[in-house]
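S.K.: Copying in the features that TrEMBL gives for the protein in this structure:
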- B:27-52: transmembrane segment (TRANSMEM)
- B:82-283: domain 'ABC transmembrane type-1' (DOMAIN)
- B:86-108: transmembrane segment (TRANSMEM)
- B:120-141: transmembrane segment (TRANSMEM)
- B:161-183: transmembrane segment (TRANSMEM)
- B:204-226: transmembrane segment (TRANSMEM)
- B:264-283: transmembrane segment (TRANSMEM)
Amino acid sequence: MSRTADVELRNVSKVFDNSVVAVDNVSLEIEQGEFFSLLGPSGCGKTTTLRMIAGFEMPTSGEISIEGRPMGETPPFRRNVNTVFQNYALFPHMTVAENVAFGLRMKRIPRDEIARRVREALQLVRLGGFEDRYPRQLSGGQQQRVALARALINRPRVLLLDEPLGALDLKLRKEMQLELKHLQMTVGITFIYVTHDQEEALTMSDRIAVMNAGRVLQVGTPLEIYERPSSRFVADFIGESNFLDGRVVDLNGQRATVVVDDRVPVPARAQDGLAIGEQVTVAIRPEKIRLRSLGTEGADGCVRGRVEEIVYIGTDTYYLVRLTDRCTVRVRVQNSQNRLDSSETIGHGEEVLLSWLPETAMVLKT
Amino acid sequence: MSTTATTAPRTAPLAPRRRRRLKPGWLVLNTNVVLTFLFLYAPILILVIFSFNASRQQAVWVGFTIEWYEQMMRDERVIAAAKNSLIIALVSTAVSTVIGTLTALALDRFRFRAKTAFEGAMYLPIIVPEIVMAISLLVFFNTTFTLLDRWLGLTLKFGLGTITIAHIAFSFPFVAVVVRARLADFDRTLEQAAQDLGANEWQTFRYVTLPLLMPGILAGALLAFTLSIDDFVITFFNAGIGATTLPLEIYGRIRRGITPEVNALSAVLLLASIALVLGSVLLQRRR
């Protein structure tokens, strides 16, 4: 199935009046029907990118195309996209029905068709019966749904969402994440979703673009982003990572050996263009590491360390293991057995063996 | 249900009630409040009371009557003056509301050269002593009329027209101030949302900006109306002969001694002003 790019950004930059570079040479291709997230810390340029797609900001250079048509200086009201704003931006002087009908009214759609479509849109977001309420009479989650209905009723080509769940409490946010994903699959519209919440992005997205300091660092599926981060920033921002600085001493097909602090050799997954002697960082996720007591057999390919700290957090237990004077590693072990009865316990100060599959450890060039 | 609701607070230990102590500071503050209110409102109260007094003499209360109000209603000069006042107030309010609102929007939305200077100059009529404004308008009209007469042979006179223009000049800054206050906490993303939903600039203004500003605009309009209907100094200087407004009429009568009709007339003006100011405050409070 060949998919077409719905939204395309080519070398887009935005420099504000005060010469702040908000977006720096960003190129993206977002496919039709895709749930695409722009993920990054605040100030990384993700919202500015979204506002440029919506037409609220014009790129300083580069080009944005929607449905293959270059947008140039096209104002927001002539773009086939709709936005769900961070604070919802519902019109306080209009009822829920009037808010939702606004876009169709502007297009001078016949009255009875508007009424029918408003009813459908409110049903879609499970807000039937709320037609005559005013926004201030609704809870945050309900306002959120009105904002969604108000945007979706226009059947836009692309829906832009600017941290729409940011104002909701944790539980409601989780509910809405699934609901949004479900909604997106139902209506089949391209969603471009801005968030700083990595978990949110991983949960909902088909693909994620990780941004920092105005640049796109990596684009990929949640799996690719999490399992194969291409830079230290991505590995650090999405999930947790241990970073071990060292030098490549051996390359053997898919496998590289990196010596940390000139003493500890660790296995990792080799990537293209790596050379022996190169200074690199090995990134390894805490939950990918296996922890064993020293006495056990098969120490081959293992790394020795001493447990310095143990933190029990319910589902898991964290171990802080010191490898060298300058280097510690966090290990996350799932508490799959009842730890109160467990005979296999590793204590404070104990010497342990760490091991992991070499392909789970990323070699990042520094 | 109700019994538990009423007894519960009683059984709960009450917070010790703070005893009011007669500190000197407390005494001074309270005396001050009482005196201020007396000073401000006693004269007005007396005026209203004596407008119902069944005697032509001021100082002595004889009995209740609404005769003076009836007389006032039959008085053709009062009716004519009231008509003039209303015409001037309505026209000047309408014009100054439009100008004031547009000025507020321009100051809020656009950056232009000498904006600060313009803003300062606009607020001048609020600060400048009324008498200065009155005389400067008088001189302005005089000069303009003389020049028009000399160059175009156009003869213009003082009257309702000059009063109306003068009222517009001093009341539109008030409208602008009130509308700008409303604009200060206006959420611009609402306008962006409208544009995002396909509204062009005009539709955005018509369906989102204007309705949300309306309480401020109406409050400004009521303020302008109040200012116009009871203005004396500026009106007096720019009225010319024959054009009399209610405040001018009252002043004319007072020169021949305070009469109960004047009291009645003032009471009516007072009531109208209070109603308008109250309306203005209520509108500004609405969100």
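Cβ coordinates come from backbone N, Cα and C, glycine included.
TrEMBL does not curate its annotations; it predicts them automatically.
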S.K.: Which stretch from B:86-108, B:120-141, B:161-183, B:204-226, B:264-283 shares the most C-beta pairs under 8 Å with the transmembrane segment (B:27-52)?
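M.R.: Top-ranked stretch among B:86-108, B:120-141, B:161-183, B:204-226, B:264-283: B:264-283.
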S.K.: Apart from its near flanks, which chain residues at least 6 from the ends of the transmembrane segment (B:161-183) lie with a Cβ under 8 angstroms of it?
M.R.: 87-89, 91-93, 95-97, 99-101, 103-105, 107-108, 122-126, 130, 133-134, 137, 141, 213, 215-217, 219-221, 223-224, 227-228, 231, 234-235, 238-240, 243, 245, 284
S.K.: Going along the chain, which residues at least six beyond the ends of the transmembrane segment (B:204-226) come within the CB cut-off of under 8 Å?
M.R.: 89-90, 92-93, 96-97, 100-101, 171-172, 174-179, 181-183, 186, 190-191, 193-195, 273, 276-277, 279-281, 283-284, 286-287
